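Peer 1: Below are the structure tokens for one structure; questions will follow.
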Amino acid sequence: MDLFFLGTGAGMPAKLRNVTSIALKLLEERGAIWLFDCGEATQHQILHTSIKPRRIEKIFITHLHGDHLYGLPGLLSSRSFQGGESEVTIYGPKGIKEYIHLSLSISQSYLKYPINVIEIEEGIIFEDDQFIVEAGLLDHGIPSYGYRVVEKDKPGTLLAEKLKAAGVKPGPIFKKIKNGERVVLEDGRVIEPEEFLGPPQRGRIVTILGDTRVCENALKLAKNADILVHEATFSKGEEHLAFKYFHSTTKQAAEIALQADCKKLCLTHISSRYERNAWQELVQEAAETFPNTLIAEDFKEIHIPSK
Ligand SMILES: [Zn+2]
Ligand SMILES: [Zn+2]
């Protein structure tokens with residue numbers, strides 16, 4: 001599981017930072033990529049990476065501001081020509097359906113694969129046997145969502161030698177125990193799975209927030225996250241501006257990470273007012289409050305290790 005930053009700038013594209021898009025690479029987990037936001041030229045950014053658009057399974061749009069959205073019709077259209085045949089599910093606030101429908105139909109773009117567009121509300125928006133995704137409304141002038149991706153815990157590894165020593169022969173029973181099922185042997189003995197499994201592998205939590213002021217829901221969505229991706233449009237000391245424009249500062253992002261007991265904080269949505277030589281200073285401002293902070297850069301990849 002890795003986070004790959006395709007665009008990390010605020011508002012409009014800049015030379016060093018394109019507008020927002022983040023790929024959550026779940027290649028080992030499910031052979032898929034989940035995209036969070038799709039600012040203009042996201043598909044151009046992808047050309048410089050090993051990401052295959054046909055692998056994109058889900059796209060989560062945080063909010064409908066252009067710097068998070070204008071790359072979507074182009075990306076969807078090109079995916080048809082890049083061997084994309086599998087369905088793509090797109091989640092986003094109310095209006096996303098109309099935006100996609102209108103931009104594709106007016107330009108007479110026909111996709112060679114089905115899309116499923118879901119206008120979300122707060123709560124659990126997706127769940128399968130591997131992941132749960134929860135959405136919460138933030139504070140940004142227009143509806144802006146944060147997404148909390150929770151990987152489900154996996155049962156521990158099977159202690160096969162211990163089972164053999166207990167006289168259980170390998171076979172379908174092993175699989176049942178591995179899946180956490182209680183098994184009654186032919187001789188009447190009961191095998192409790194937890195006695196023959198290693199410690200469960202804890203799932204990871206990744207929280208990616210849309211643009212926002214400091215708010216209660218940011219804290220809730222970020223609780224115990226292995227990584228929190230939080231916007232930091234302004235530097236410390238500019239809280240009044242952040243409030244006025246519905247954004248956050250570096251320090252405010254760090255306070256959320258601290259209060260939520262996150263493991264790591266990644267600042268993104270960085271204004272082009274801050275040139276490259278100021279980036280480390282932005283990290284420093286946050287690190288005073290939350291030491292394990294880093295700043296996103298276009299094409300930066302962050303590995304999220306299993307626990
Ligand atoms: Zn933005
Ligand atoms: Zn915005």
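All residue numbers here begin at 1 and follow the chain in the order shown.
Each residue, glycine too, has its Cβ placed from N, Cα and C.
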Peer 1: ASP67, HIS68, HIS269 bind Zn(2+) 2 in TrEMBL, but which of ASP211, ASP226, ASP298 does that record place at the same site?
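Peer 2: Looking at ASP211, ASP226, ASP298, the one TrEMBL places in the Zn(2+) 2 site next to ASP67, HIS68, HIS269 is ASP211.
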Peer 1: According to TrEMBL, HIS63, HIS65, ASP211 bind Zn(2+) 1; identify which of HIS140, HIS303 is listed for that same site.
Peer 2: HIS140
Peer 1: What residue among the binding-site residues HIS63, HIS65, HIS68, HIS140, HIS269 has the most other CB atoms lying within 10 A of its CB?
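Peer 2: Comparing the binding-site residues HIS63, HIS65, HIS68, HIS140, HIS269, the most crowded Cβ belongs to HIS269.
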Peer 1: Near ligand 1, which of the binding-site residues HIS63, HIS65, HIS140 are found, taking a Cβ distance under 6 A to any of its atoms?
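Peer 2: The binding-site residues passing the 6 Å Cβ test are HIS65.
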Peer 1: Who sits close to ASP67 (Zn(2+) 2 binding site): which same-chain residues at least 6 apart have their Cβ under 8 Å from its Cβ?
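Peer 2: Counting only residues 6 or more apart in sequence, the Cβ neighbours of ASP67 (Zn(2+) 2 binding site) under 8 Å are GLY9, ALA10, GLY11, MET12, VAL19, THR20, GLY39, GLU40.
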Peer 1: Inside 8 A of the center formed by the CB atoms of ASP67, HIS68, ASP211, HIS269, which other residues of the chain have their CB, for the recorded Zn(2+) 2 site?
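Peer 2: Output for this site, in sequence order: ALA10, GLY11, VAL19, THR20, ASP37, GLY39, THR62, HIS63, HIS65, GLY210, GLU231.
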Peer 1: Calculate the distance in Å between the alpha carbons (Cα) of HIS68 (Zn(2+) 2 binding site) and ASP211 (Zn(2+) 1 binding site), and round it to a whole number.
Peer 2: 9
